[in-house]
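Pulled from TrEMBL, these are the features on record:
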type	residues	note
DISULFID	126-136	disulfide bond
DISULFID	230-240	disulfide bond
DOMAIN	34-156	domain 'SRCR'
DOMAIN	161-242	domain 'SRCR'
């Protein structure tokens, strides 16, 4: 069983035999909640299986798993969050909960699109050191919010960077890690200023040149299309806006 599954959905056909259901539930054990949804009665419907250790927040409709519109899980449903009740300290907790590094930016006014769920309108009052968003205190808010005010969060998103297939550890194809997944960086999203910051971060001195078109061989896995807007003076890439 995944340790930190966001939501585990099992779609089971109505023709499944009762004995098979029992085997499924026995295999899942005590770590899940199971319910029927969208059925014609309380004895029919789609089976929804929710891991009890799931994250209580998620980022959707963004360019990658660590950026997007924020939704919070509450009372067995996902809810959009009003930008007026959410700040940088709250974002620190969300990025930590999702294993997405540090918060880069909190964006209001439905930058990542308008949700179609219920709205979370309580004031979130995180100290910034909580491990999950549901552990943060809340208080009533008097702000009048709609989906025009859906908040979005951008996290730094990667836990590591590396140069591979070069002559040494300070030259090669740029690879980044998001949520334990390694991927390559699109050459159209990279310039000398970003390269200077990366070389500084990797203790590799001064950037000499940026080469694209699979100069160091074609990578595998994800292709990250984030464009780094670095000044060139930052000490690490997570300090650059994306």
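Quick reminder: no glycine exception, Cβ is built from N, Cα and C everywhere.
TrEMBL labels come from automatic prediction, so no person has curated them.
What TrEMBL annotates, mapped onto the structure for a quick look.
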| residue | record | Cβ within 10 Å |
| --- | --- | --- |
| 126 | disulfide bond | 22 |
| 136 | disulfide bond | 18 |
| 230 | disulfide bond | 20 |
| 240 | disulfide bond | 20 |
Fill in the blank from the handout: Its residues classified by DSSP, the domain 'SRCR' (34-156) shows 19 helix, 45 strand, 59 coil
Problem - Whole-number mean of pLDDT values that fall within the domain 'SRCR' (161-242) - result: 81
Practice task
Work out how many Å separate residue 126 (disulfide bond) and residue 240 (disulfide bond) at their Cα atoms, rounded off.
Solution key: 24
Handout entry: Cα separation, residue 240 (disulfide bond) to residue 136 (disulfide bond) (Å, whole number)
Key = 28
Problem - Secondary structure content of the domain 'SRCR' (161-242), with strand meaning DSSP E or B - result: 16 helix, 22 strand, 44 coil
